[in-house]
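As written in TrEMBL, here are the features:
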- A:18-383: domain 'Luciferase-like' (DOMAIN)
- A:D56, A:T98, A:H149, A:Y153, A:S223, A:S224: FMN binding site (BINDING)
- A:204-225: region 'Disordered' (REGION)
Number of protein chains: 2
Amino acid sequence: MTRKIALGAFLHPSGHHVAAWRHPQAASDAGINIRNYIRLAQLAEAAKFDLVFLADQIAVPSDNLDYVSHTTRATYFEPLTLISALAAATQHIGLVATVSTSFNSPYNMARYIASLDHISGGRAGWNLVTSGSALEGENFGLGDDYRLHANRYRQAAEFADVVRGLWDSFEDGAVPDDRAAGRYINEARVHALHHVGEHYRVKGPLSQPRSPQGQPVLVQAGSSPAGRDLAARSAELVFTAQPSLAQAQEFYADVKARATSYGRDPDSIRIMPGVFPVVGQTEAEAQEKFATLQDLITPEVGREYLSLHLGGIDLSGLSDHDPVPDIAVGERGHVSRPQLLLQKARSRNLTIRDLYLEIAGARGHWQIVGTAESIADQLEAYFTQNAADGFNVMPPSPTGLDDFVTLVVPELRRRGLMREDYDARTLRGHLGLAIPPNRYSATARQPERALA
Amino acid sequence: MTRKIALGAFLHPSGHHVAAWRHPQAASDAGINIRNYIRLAQLAEAAKFDLVFLADQIAVPSDNLDYVSHTTRATYFEPLTLISALAAATQHIGLVATVSTSFNSPYNMARYIASLDHISGGRAGWNLVTSGSALEGENFGLGDDYRLHANRYRQAAEFADVVRGLWDSFEDGAVPDDRAAGRYINEARVHALHHVGEHYRVKGPLSQPRSPQGQPVLVQAGSSPAGRDLAARSAELVFTAQPSLAQAQEFYADVKARATSYGRDPDSIRIMPGVFPVVGQTEAEAQEKFATLQDLITPEVGREYLSLHLGGIDLSGLSDHDPVPDIAVGERGHVSRPQLLLQKARSRNLTIRDLYLEIAGARGHWQIVGTAESIADQLEAYFTQNAADGFNVMPPSPTGLDDFVTLVVPELRRRGLMREDYDARTLRGHLGLAIPPNRYSATARQPERALA
């Protein structure tokens, strides 16, 4: 069996484009409409995607309520509750929820995700993010220092270690359920963690048996050096913004090399750049679909959106036709994304309007507008040229996932790049990731299925 | 229409009896088997219960792993994820999850429960508890002081205020979705909370529109004076352990009087004692069912269980046939339950074994063993004599809910005490609770349905 492209469906209320909510087919309540999400998850499952993916933001997106009023991004489900409901409405597809380490306790997090793994029969993944916005911190009484970049990643690494330690609380075989002897658990196979670290003190054990995947899949999405390092150390799946083949190859090689330096098999990490595909039956139709979305962007949204993505800088004294100003990126908040955008603006002499039109759809992710064939060509190039193990598909509009499933998936399948059907029932099984050995056990469980 | 008894199905893996896991029909993985919970939730829904109810414990139940090994209570789902999955598998029944204020942030909690209300179409309730166990605190790096009783309740009251404030972030009509004007939200109807209190600093707003119930239903389960006061001040549904009619009447009158003193309509709080019903076709069959369960209790479990319910006292120097010792209940941890048990032991000269056999099933809750008719008589007495607005039914065994639904529900219905079918789609609608007005709005929404 040849290796297949891994595919995620990165669900967003009406689509990822900033003006997608104005699309004629958008539902008014898309962000809090469970039927909308169930439809999309079942659509991705019917197409045999590996997973659905949910992002998160734990605040309204801006203090500028005038800006907020122009975007649906202010209203959406909390991901853990949403993904648990999706677990009950699907059978095979993996389920990855983003939850920040900054505002949660590792014991709660370990329970949430292990519970989801039991509920879903082994389909859970946790996208570990650190939070960097002042707006989010203010909802948790946290001062500005919580945002310091190095702190956040050191704390996140410890957080991930504790969660994984708790997931190993029960070895396989820890629940003999011996009714005659009146013994449910074999306590010799249940372990308290007794973690005492820089940020956390957690005793354990977790009150759940080892979950169907051994451990849920750990996903990470940081692209800065600290983020790459955390991914290389802890993650099994990496979600990343890589808008060009060369950049994606650099990132891919770097993360796999870092993983090797941590003593890990580089093949134990799957790298999935985001892709924002605008698909048409013809090139012209694709361009027209994209133009329709772009025309829905108002200048005030475009400018505020750009300001947010440049770390909150003030553009109010500048016109849409001024060049993007030369600013320094601070040490608080997100770092890698603003740098990427500023480089792009400088190298191509972009105006403010040029840049906001470029990011409003894919937000710095890889954006492809074209036919199924041209999109498949580009995905195949990433996949075969060591730039990606798969892609997190970001539907642009309310019908973007339908377009991808109807047009691009058959083309990928025709090329032998995508599975015809599921041959596993767990997310690890879909991705070909091994079941991690329990730290307290002598022997590891066999993986459900290994990719050849 | 006459007023009906409100009914909750308090789900527990194999049943509430401490030895229920040894019952021949218990599933080995009952606490983490989603099909088990879906079956029970659908069974309660088919019988037109108002709600399902999930308790929680955020640690294994004891440091004594030998004890833990004899009980299934060490392995169970996390309630938020479980109840979200149940939301997707049911249509009408209310869904109440217990989550502690001690280990969570009000912003996260407000999101979880509001999200669940959106997911379920208005069926969410949050059972607010404070945590009092050292074992739980040790999973969150908290020192022993977190358990001080007055502190916990003061903090919980502020927590509840913040959550409710966040739930009001969006007024009705805050989402006009005006696509032509490019305006999704009417920002004049979205409100930051700017809470600054003794324990929490939370800015808001919550990133979700007002939920289908206006606010999810707030449930509370404390029975101490501080717990009663918190319930009277904040709760709309009170779950409580009231093993005798006289005690239940005192509690009922006291909580409603306290509510009045807070300026609330006493009818805006529903009081639902727990009931542990062992139902037989005949009295003899019921007694036999109960004896079968009691016979499965081993002395080591009974004694440890009793010790835990008396606040962790050491019984190791005493035999099963010694009288229950006279101890003082401390200021840390739970207070009201141990006092109740000690009073009972003293007034009836109970031995250690007598008392552990009495609590192992219902844990201090009201326990009835009998025919459908005799059980209905007793429920009716509570209901008509100002002791209860309904009951949280605690199935003793894996088939306990089936027995109640098959035998007791028809008898209650025959007496006109229970609804024939749902006439509402929300938990508030089932309970006849009004939709609370949004604090920022001039006018309140009309309730879905008012009880006559």
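FYI, residue positions are counted from 1 along the chain as it appears here.
Yeah, the Cβs are placed from backbone N, Cα and C, and that goes for glycine too.
Spread of the FMN binding residues is 19 Å (greatest Cα-Cα distance among A:D56, A:T98, A:H149, A:Y153, A:S223, A:S224). In the region 'Disordered' (A:204-225), helix, strand and coil residues by DSSP number 1 helix, 6 strand, 15 coil.
The binding-site residues examined here are A:T98, A:S223; by Cβ neighbour count within 10 Å, the least packed of them is A:T98. Neighbours of A:H149 (FMN binding site), defined as other CB atoms within 10 A of its CB across all chains, total 20.
Within the model, the domain 'Luciferase-like' (A:18-383) carries an average pLDDT of 92.
According to its DSSP assignment, A:D56 (FMN binding site) is coil.
Most Cβ neighbours within 10 Å among the binding-site residues A:Y153, A:S224: this distinction goes to A:Y153. Listed in sequence order, A:E78, A:P79, A:A97, A:T98, A:V99, A:S100, A:V129 are the same-chain residues at least 6 apart in sequence whose CB falls under 8 Å from the CB of A:D56 (FMN binding site). Secondary structure at A:Y153 (FMN binding site), taken from DSSP and collapsed to helix, strand or coil, is helix.
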